[in-house]
Ligand SMILES: [Fe+2]
Ligand SMILES: [Fe+2]
């Protein structure tokens with residue numbers, strides 16, 4: 001399966017997987033117009049929509065897309081049931097779409113019922129992990145979000161991380177305010193700036209890369225506790241909460 005990224009709205013991404021026969025799967029279509037345009041341009045035939053969570057910037061295009069392609073199957077977690085979903089997915093489900101396996105993982109924290117889809121090597125993690133950061137934690141479910149991030153961290157290093165927003169530079173700005181001397185983050189910031197100028201996107205990312213540059217995936221490091229003036233013996237969850245709350249009030 002080949003992967004295509006489509007920017008929509010201010011900073012959202014819709015991902016499309018397509019095969020050699022031009023059948024395609026759309027992930028989190030927050031809008032319909034740019035997606036329908038792209039489908040027509042490439043002569044794709046959509047067979048499924050996968051939704052990660054119930055936010056309008058991820059679900060807003062479903063209704064109009066299925067008007068054009070009424071045979072599409074729309075998969076989504078229970079919280080998306082009112083977005084024209086006809087197959088509710090649950091943690092541990094295995095879906096077969098276009099002869100490929102898609103594994104469903106419950107990754108709550110950003111929303112109460114957020115899910116992530118894995119079809120080797122691609123991981124569609126919605127608003128759970130971004131390059132250099134993570135999603136906002138609504139409803140104060142920090143433990144849920146922490147556990148979801150650990151789950152994402154456990155995927156193979158070469159996993160292609162398909163996040164739903166272009167927040168990379170602002171995430172790295174925040175990270176550099178915490179760890180100003182971190183060479184990996186500093187270098188990646190410079191590299192990303194150039195890449196965005198050329199390619200207009202910093203995504204997709206990779207698990208291996210995120211392990212190096214994403215502070216939310218590095219909450220077990222002592223350097224982070226020291227930099228944040230936290231007790232050396234506090235646990236990773238406490239570091240995660242402090243970091244997430246700090247980020248909520250950070251403007252670069
Ligand atoms: Fe969201
Ligand atoms: Fe979003």
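Every residue, even glycine, has its Cβ placed from backbone N, Cα and C.
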| task | Quick one: which of 19, 127, 220, 231 does TrEMBL put in the Zn(2+) 2 site with 57, 58, 165? | result | 127
| message | Whole-number answer please: how many Å between the C-alpha atoms of residue 57 (Zn(2+) 2 binding site) and residue 127 (Zn(2+) 1 binding site)? | response | 11
| query | Between 55, 110, which of the binding-site residues has the fewest other CB atoms within 10 angstroms in the structure shown? | reply | 55
| request: Report the mean pLDDT of the predicted model across the domain 'Metallo-beta-lactamase' (11-165), rounded to a whole number. | output: 98
